[in-house]
Each structure stands twice: as structure tokens, then as C-alpha cells.
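What TrEMBL records for this protein:
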| type | residues | note |
| --- | --- | --- |
| BINDING | E120 | Mg(2+) binding site |
| BINDING | D124, H128, D165, H166, H234 | Zn(2+) binding site |
Amino acid sequence: HSARPFIKVILGGGRQYMLPNNVTDPEYAKQTGDRLDNTNLIDEWLKNKKVIFFFFLITFTQLDAVDEDTTEYLMGLFEPKDTRYELERNAETDPSLTEMVEKAIKILSKNPKGFYLFVEDKIDHGHHASEAKKALYEAVEFDRAIARAGELTSERDTMSVVTADHSHVFSFGSSSPRGNPIGTDKKYFTTALYGNGPGFAIDSNGTRPDININITSATGYTQQSAVPLSSETHGSEDVAIFAKGPMSHLFHGVQEQSYIAHAMAYAACIDPYTECNLEPAPEPNHAAPIQLSAGMLLLALLTFINLI
């Protein structure tokens with residue numbers, strides 16, 4: 001941990017993993033940290049800062065009050081474990097993904113040498129619980145964060161990459177009329193289903209439970225699945241990757257996942273590609289292709305690399 005002083009902005013959940021098990025959580029008096037090595041990583045992070053303007057936050061109000069122009073280092077851990085689902089988030093106490101992305105970019109973009117920002121949403125957790133509604137709302141919030149990041153950066157000098165590290169056994173199926181999906185067992189089903197997971201259920205007669213819109217519209221509804229598992233699993237198909245900005249043409253066709261990191265490193269001219277010989281970005285010229293300037297940014301995943 002002490003070898004990572006260059007990380008300037010950390011926003012999300014996970015306080016319990018940073019605090020010793022004999023330290024009370026700063027927000028929830030009945031909870032403590034999880035660490036068994038008696039190391040307080042929050043204190044370690046604060047001590048390693050060589051500048052005056054740094055902050056540790058636990059609420060949205062504190063985050064909103066941070067002055068991006070004078071802040072160099074920022075850590076915000078808004079929950080002991082995971083951040084809350086967008087559907088369940090208290091907007092007065094916990095920031096949205098979009099709000100965290102905005103604050104991070106405004107702080108990091110001051111660096112004349114550029115920046116790298118990695119962003120991940122909680123879509124995966126919703127799918128593992130087979131709670132499609134939560135997963136889909138997370139995806140919508142992720143889309144908002146991507147849009148806001150695009151507004152705060154320039155495609156001329158910032159590469160943005162959006163991808164996933166895996167899929168899920170989640171599917172939309174059936175060609176039934178809207179509002180009337182009925183299986184051969186004469187029972188309703190949702191068009192969104194899982195191949196496996198906690199939603200598997202068979203009643204005492206060996207048949208599938210019936211459902212209705214009051215059940216399926218609930219925030220915590222568990223979609224039905226074909227195979228019983230305590231947690232839904234990842235899928236095996238290829239996942240998409242989208243990119244825009246300098247060197248985004250490197251992302252094309254079918255590639256191994258390990259290729260992504262190499263392509264981003266090359267675009268940013270960092271090890272092991274410091275001799276990439278990329279030219280600085282010229283003044284805007286719509287008749288000529290855009291070349292690399294000097295910064296970078298990725299969002300999973302969304303990543304931004306600002307190439308200044």
C-alpha cells in the first residue's frame with residue numbers, strides 16, 4: 001500500500017477492508033474494520049501525502065463540498081463494504097457513480113501530464129444475485145457516467161474505453177406479446193431470465209411457481225433460473241469493447257483480453273511502450289486524422305486515459 005502514493009483519487013466503498021478489526025467504522029457505530037494486521041490503511045494513505053490539500057470523505061455532502069481546484073488527493077469510502085445499488089442509494093448520503101466520476105475527472109484533469117481513471121459499476125453484483133432490475137438500473141447509471149465523462153473530456157486528447165471482463169448467463173427471450181408471456185405450463189414468466197442462480201424454484205408438485213406483475217416488479221425480485229445455484233455465474237461468450245479518442249483504432253476485431261492493457265499502454269506511451277514515437281496532437285483539422293496528444297482514460301468497466 002505504501003508503494004502506491006501516485007494514486008490521487010480513490011472513490012467507492014470498502015472502508016472495512018482499510019481499517020483494523022478493533023477500529024469502529026466512522027459512520028456505523030456497531031461495525032468495525034476487518035483487517036487482522038492492525039494496519040489502518042486510511043491513516044497510511046493520509047500520512048503518505050506530501051501536499052496540504054487532501055481529504056478523506058464518508059458522505060456525499062463532503063464530496064460535493066470538495067474544491068476541485070485546490071484538491072490534489074482525494075479518498076472517499078462511502079460504505080463499509082460495497083456501495084449501495086443505484087435503486088437503493090440515499091442521494092443525500094451516498095454519491096452516484098456519475099457524481100464520483102465527475103469529481104475525479106475535475107481533479108485529475110489539472111495534471112499537465114495527463115491522467116488515467118478506471119471506473120467500475122455494480123452491474124456484476126446484481127446479476128450474481130439474479131436481481132435483474134438492480135443490475136439493469138446499474139447499467140443505466142453506468143451509461144450516465146460515461147456520458148458525463150464525455151462532456152468533461154475532449155475526444156481530441158482523451159481515449160475512452162468501455163468494456164467488460166466477462167458476461168453473465170442472463171438472457172432476454174420469448175416472442176410473446178408484451179405483458180402476456182406464458183409458458184407451455186400455462187404459467188407466466190419474465191422475458192429476462194438466468195441460466196442458473198438462486199431463482200430456481202420447484203414447488204411440492206414438481207412444477208414452476210406462478211408469478212404476476214406485482215411480484216416481478218418488486219426491486220428485490222429474483223428472476224427465475226434453470227439450474228439452482230446460490231449465486232448466478234459468469235457466461236462464456238465474447239464481450240464487446242468500445243473506444244473513442246486518440247489511438248482508438250487499436251480496438252478492433254476479436255482480441256484476447258490481455259490485448260486491452262497493451263493497447264492502452266501503447267496509446268499512453270508508458271512502459272513497455274515508451275518509445276511509441278507518437279506525435280503531439282495538432283490543432284483541430286477536420287480534413288486530417290486526429291493524432292495522439294498526451295493523456296488517457298478507461299471506464300468496466302470504463303477507462304479514461306488523458307494523453308497530455
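Cβ atoms here come from the backbone N, Cα and C positions, even for glycine.
No curator has checked TrEMBL annotations; they are predicted automatically.
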Binding-site residues (H128, H166, H234), the one with most neighbouring Cβ atoms at 10 Å: H128
Residues within 8 Å of the D124, H128, D165, H166, H234 Cβ centre (excluding the Zn(2+) site residues themselves): H127, A164, S167, H168
D165 (Zn(2+) binding site) to the residue listed as 'Mg(2+) binding site' - Cα separation in whole Å: 11
Pairwise CA distance, H234 (Zn(2+) binding site) versus E120 (Mg(2+) binding site), rounded so that it is a whole Å: 16
Rounded inter-Cα distance in Å - E120 (Mg(2+) binding site), H128 (Zn(2+) binding site): 16
